[in-house]
Structure formats: structure tokens, C-alpha cells
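Written out below as C-alpha cells is the structure these notes cover.
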Amino acid sequence: MQRPILPKGLPDDIEVKKATARAWFESLRDQICRSFEALEDELTGPLSDRAPGRFTPKDWQREEGLGGGGRMSMMNGRVFEKVGVHTSTVHGEFSPEFRKQMPGAEEDPRFWASGISLIAHSCNPHVPAVHMNTRMVVTTSQWFGGGADLTPVLDRRRTQDDADTVAFHAALEAACAAHPDVADYPHYKAWCEEYFFLPHRQEPRGIGGIFFDWLHAGEKFDLWAANFAFVQDVGRQFAAVYPDLVRRNFNTPWTEEDREEQLVRRGRYVEFNLLYDRGTIFGLKTGGNVESILSSLPPLVRWP
């Protein structure tokens with residue numbers, strides 16, 4: 001999708017709005033971490049003889065001269081082979097190379113950004129991998145972005161009529177339907193399918209979800225609350241539906257062939273994140289925490 005030209009200008013209470021958004025992202029992080037740890041406790045099927053995993057939080061600060069930092073929360077468990085739930089709030093100036101790509105940054109390179117990012121890779125091949133992020137960005141303009149997408153790793157589960165796919169799409173459609181003045185589900189669904197695509201393989205990364213960016217209030221600053229409420233509901237719907245999908249599948253036995261297929265599919269995940277993902281590029285270009293940025297990569301991968 002082509003980047004729009006966003007109206008410039010910030011409301012008088014922009015600092016309050018920044019603090020409100022940051023507090024939400026951090027609250028959602030804590031809620032999801034508690035939920036995922038509960039899943040670790042609930043497992044009774046394969047690998048249940050292992051100890052349940054727990055998140056290890058790690059705070060970080062940007063390098064000297066750069067502003068802000070964040071918290072990495074990583075877990076390697078018996079349900080989640082690797083999951084990261086991260087928040088960050090950073091500020092500074094975009095590099096000359098990067099400022100042309102960001103609305104409102106060409107004349108004034110200063111920026112502020114806060115958000116949450118999550119990627120989960122499960123032990124059981126029947127449990128789909130998942131990604132979710134939402135963020136607020138401020139330059140001389142302001143906007144929200146984010147989305148969520150599901151990646152089943154077994155080909156027989158990578159269909160639009162699979163029960164997991166149907167439930168995931170329904171949850172995100174509900175988030176959009178609750179906010180018709182600011183959210184466009186058909187557009188965001190199509191945007192996700194266009195974005196999470198590997199051109200060199202001519203195949204999608206997963207079964208889709210939603211993707212949105214540059215969601216802004218323009219000169220109608222009262223719309224900020226409506227935009228923020230939608231962003232919150234994306235997080236709430238994700239936090240409700242994905243644990244349900246895990247519960248449906250995490251006790252299902254799997255074969256060595258299933259595990260092999262999972263590892264090969266993860267290779268596609270690596271290819272997308274390193275070649276095309278805007279979030280990865282944004283983090284590396286703005287002096288983000290490299291360990292946190294690359295934590296999205298799965299722990300074990302295979303290229304046949």
C-alpha cells in the first residue's frame with residue numbers, strides 16, 4: 001500500500017496521549033505473559049513431563065546519545081519453544097536515509113514511538129505460529145499501526161476453512177466491526193495478505209489476519225481516542241483468541257514428519273523477517289535493541 005501524506009500538527013495534550021498509549025502497551029504485555037504462562041501450566045499431552053516455562057524479563061536502554069528503551073520478555077517452555085513479548089518506547093532523530101520513508105520526518109527528523117510486539121513459535125507442530133504488534137508513532141504527524149497474523153506450519157492446516165483460521169479471522173473482524181468509523185476490515189485483511197507475502201517464493205507467509213498503518217486523527221484530534229480504542233481492541237481480541245487456539249492443539253500428538261515440516265516452514269518465516277519485514281528494518285535503522293529485534297526468529301530451522 002502506498003504511504004499517504006498525513007496532516008501535520010500535534011494536539012496540545014500529545015504528551016498525555018503518549019503516556020496513555022505506552023501504559024496500555026505495557027499492560028497488554030503483562031496480561032499476555034500471564035496468559036501464556038498459564039498455558040504452560042495446563043499442558044497434559046506431549047512434553048508435559050517437562051517443567052513449565054516462565055518468562056524472563058530483561059530491560060534495555062538504547063545506546064548513549066539515543067533516547068528510550070524497552071523490556072524484552074522471553075520464554076522457552078514446553079508449550080512455547082520460543083516466545084517473545086516485547087515493549088519499547090524510543091525517541092530521537094531518524095537518519096537522513098530513513099526520514100524520507102516516515103510521514104512528517106523529512107523537515108523535522110525527530111520522532112517518538114511506543115509499541116508492543118509478539119512472536120510465538122510452539123513446540124507442537126499443530127499449534128500455529130503467531131505474530132502481533134501495535135504501535136503509536138509521533139513525528140510532526142501522529143499515527144497508529146499494527147496487526148496480527150497466523151502461520152500454521154503444517155500444510156494440511158494452512159487452509160481458510162481450517163477451524164483455527166476461521167476463529168482467528170473472526171476475532172480480528174470483530175475488533176474492526178466494533179470501530180466502523182476508523183477500521184476497515186476488508187482493507188486491513190487484504191493489506192495483510194499483500195504484506196506477508198514472499199515474492200521470491202511466490203507464496204504467503206501464513207493464512208493472513210489484519211495489517212494497518214498510518215491510522216491518524218488528522219486535524220480532528222478527537223478521533224485519536226477512537227483510533228486508540230480500536231488499537232486496544234486488536235490487542236484484546238488477540239489476547240483472547242490465540243490462547244484458545246493453543247488449547248485446541250497443544251495436547252495433540254505429532255510425528256517426526258510433522259516436526260520436519262514445522263522446521264522447514266519456519267525457514268520461510270526467517271526469510272520474510274530478514275528480507276522484507278518493515279518492523280525489523282525500522283528497529284535496526286533506529287538504533288533499537290538487536291537482541292529484541294531478532295528474537296522473532298525461531299529457535300530451530302531447517303532448509304532441505
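Just so you know, glycine gets a Cβ as well, placed from its N, Cα and C.
Residue counts for the region 'Disordered' (44-73) under DSSP, helix first, then strand, then coil, are 0 helix, 13 strand, 17 coil. Taken from Swiss-Prot, the feature region 'Disordered' covers 44-73.
Sequence-remote contacts of a segment are chain residues at least 6 beyond its ends whose Cβ falls under 8 Å from one of its Cβ atoms, and for the compositional bias 'Basic and acidic residues' (56-65) they are 71-75, 90, 92, 287-289, 291-292. The compositional bias 'Basic and acidic residues' annotation in Swiss-Prot covers 56-65.
Sequence-distant neighbours of Thr134 (substrate binding site) (same chain, 6+ apart, CB under 8 A from its CB) are Phe25, Gly115, Ile116, Phe144, Gly145, Gly146, Gly147, Val231, Val234, Gly235. Residues annotated as substrate binding site in Swiss-Prot: Ser117, Asn133, Thr134, Arg135, Gly287, Gly288, Asn289.
Secondary structure at His200 (divalent metal cation binding site), as computed by DSSP, is coil. A sphere of 10 angstroms centred on the C-beta of His200 (divalent metal cation binding site) encloses 9 other C-beta atoms. For His121, His131, His169, His200, the entry in Swiss-Prot reads divalent metal cation binding site.
Residues annotated as active site, proton donor in Swiss-Prot, with sequence analysis given as evidence: His131. Residue density at His131 (divalent metal cation binding site): 23 other Cβ atoms are found within 10 A of its Cβ, drawing on all protein chains shown.
Residues or ranges marked as site 'Important for dimerization' by Swiss-Prot on the basis of sequence analysis: His200.
Here the region 'Important for dimerization' (269-304) has Cβ contacts under 8 Å with residues 60, 62-63, 66, 69-70, 72, 74, 76, 81-82, 84, 86, 88, 90, 92, 94-95, 97-98, 111, 113, 117, 119, 121, 129, 131, 133, 151, 196, 198-201, 205, 260, 263 of the same chain, all six or more residues outside its ends. Per Swiss-Prot, the feature region 'Important for dimerization' maps to 269-304; the stated evidence is sequence analysis.
Ser117 (substrate binding site) has His131 as its nearest neighbour among the binding-site residues His131, His169, His200, going by CA to CA distance.
Counting residues of the region 'Important for dimerization' (269-304) by DSSP class, helix then strand then coil, yields 22 helix, 0 strand, 14 coil.
Cβ neighbour count for His121 (divalent metal cation binding site): 25 (other Cβ atoms within 10 Å of its Cβ, all protein chains included). In the three-state DSSP reading, His121 (divalent metal cation binding site) counts as strand. Summarised as a single figure, the pLDDT of the region 'Important for dimerization' (269-304) averages 88.
Cα spacing between His169 (divalent metal cation binding site) and Asn133 (substrate binding site): 16 Å, rounded to the nearest whole number.
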